[in-house]
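Trainee: I am attaching a structure below and will ask some questions about it afterwards.
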Amino acid sequence: MNIATWNVNSLRLRLPQIINWLLINNIDILCLQETKTPDDKFPYDAFEEVGYKSYFYGQKSYNGVAIISKYEALEVSYGLKDYDNEQKRVISITIKNNISIRIICIYCPNGQSLESNKFIYKRQWFNKLNEFLVEELLKYPNLILLGDYNIAPTDADVHDPNIWKNTILVSDEERSFFKELINIGLYDLFREFKQPSSLFSWWDYRNLSFIKNKGLRIDHILASKSIVNLCKSCFIDKTPRKNKQPSDHTPVLINLEIN
DNA sequence: ATGACTAGGTCGCCTAGA
């Protein structure tokens, strides 16, 4: 089973690229972030035509998450319980194959800068996410948390740690938010495998950043121990970043040994 | 020079992203 995450920065604009990528890579489940699409405008039919169900939680202009799945969801839930229903950042589904798996798609706040009010929101949001996941893990032992975390967890995930030192996305405090997720029993699947250095999931549109590989690894797939044991690979696919009119992020994928 | 892209909204500029 192939499961992926991709911050597409506008679903409307990127729809043909997304469908093409789904089919080429034989993806079973794709988590999308920054759809920027209200639910009544969601392109449900376009995904249905190629064999996927869609589950979505969107809004106009900003944020918005969705899960595109070959498997019908047994359950769907929206947001972090009752916290923050204004910004559409979380959607979760439960699917069943041989085993039941909880798939949680997240678009974490950016934070803007460490001095910003948006950073206070980022801190609160990660606290709520942590509380939410503690409960989810009790209910769903086979859990996968995919999305744009807006945190580069270590210096190995940053093209130039000196330039980025103590700035948004790489600060020690944000890294502590990420470590909290590890502390409750989740594993960074990318780091469960030997990887080459300087692999990133996001590159700024400006300053030829992609060509110069000046990026960050801020899109992640975390999972519970039972999923780690089923996971055969985790990698970043840079090819969509080379498309015309690309998203500034590229997908991260895992393959699970489940039939 | 604190901006350099890009997307969306509803405009000929602003907010937001990371």
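The chain as shown is numbered from 1 upward.
Placement of Cβ uses the backbone N, Cα and C atoms for every residue, glycine included.
Since we're looking at a predicted model, the values are computed, not measured.
These came from TrEMBL, pasted as-is:
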- A:Tyr107: active site (ACT_SITE)
- A:Asp148: active site, proton donor/acceptor (ACT_SITE)
- A:His249: active site, proton acceptor (ACT_SITE)
- A:Asn7, A:Glu34, A:Asp148, A:Asn150, A:Asp248, A:His249: Mg(2+) binding site (BINDING)
- A:4-249: domain 'Endonuclease/exonuclease/phosphatase' (DOMAIN)
- A:Asn150: site 'Transition state stabilizer' (SITE)
- A:Asp219: site 'Important for catalytic activity' (SITE)
- A:His249: site 'Interaction with DNA substrate' (SITE)
Trainee: How does the model score the domain 'Endonuclease/exonuclease/phosphatase' (A:4-249) in terms of mean pLDDT?
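Mentor: Summing pLDDT over the domain 'Endonuclease/exonuclease/phosphatase' (A:4-249) and dividing by its length gives 97.
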Trainee: Near A:His249 (active site, proton acceptor) in space, meaning Cα within 10 angstroms, which of the recorded positions do we find among A:Tyr107, A:Asp148, A:Asn150?
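Mentor: Passing the 10 Å Cα cut: A:Asp148.
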Trainee: Please list, in sequence order, every residue of the chain apart from A:Asn7, A:Glu34, A:Asp148, A:Asn150, A:Asp248, A:His249 whose Cβ lies within 8 Å of the Cβ centroid of the Mg(2+) site.
Mentor: A:Asn9, A:Gln33, A:Tyr107, A:Trp202, A:Ile218, A:Asp219, A:Ser247
Trainee: If you run the three-state DSSP split on the residue listed as 'active site, proton donor/acceptor', which class comes out?
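Mentor: SS state of the residue listed as 'active site, proton donor/acceptor' = strand.
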Trainee: Considering the recorded positions A:Glu34, A:Asp148, A:Asp219, A:Asp248, which residue's Cβ sits among the greatest number of other Cβ atoms within 10 Å?
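Mentor: Answer returned by the neighbour count: A:Asp148.
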Trainee: A:Tyr107 (active site): which of the binding-site residues A:Asn7, A:Asn150, A:Asp248 have a C-alpha within 10 angstroms of it?
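Mentor: Cα within 10 Å of A:Tyr107 (active site): A:Asn7, A:Asn150.
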Trainee: Whole-number Å only: compute the distance from the Cα of A:Asp219 (site 'Important for catalytic activity') to the Cα of A:Asp148 (active site, proton donor/acceptor).
Mentor: 4
Trainee: Report, in whole Å, the straight Cα-to-Cα distance of A:Asp148 (active site, proton donor/acceptor) from A:Asp248 (Mg(2+) binding site).
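Mentor: Taking the Cα atoms only, A:Asp248 (Mg(2+) binding site) lies 12 Å from A:Asp148 (active site, proton donor/acceptor).
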Trainee: In sequence order, what residues of the same chain, 6+ apart, have a Cβ less than 8 Å from the Cβ of A:Asn7 (Mg(2+) binding site)?
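Mentor: Expected: A:Leu32, A:Gln33, A:Glu34, A:Tyr107, A:Gly147, A:Asp148, A:Trp202, A:Asp219, A:Ser247, A:Asp248, A:His249.
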Trainee: So for A:Asn150 (Mg(2+) binding site), how many other CB atoms are inside 10 Å of its CB?
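Mentor: Its Cβ shell of radius 10 Å holds 23 other Cβ atoms.
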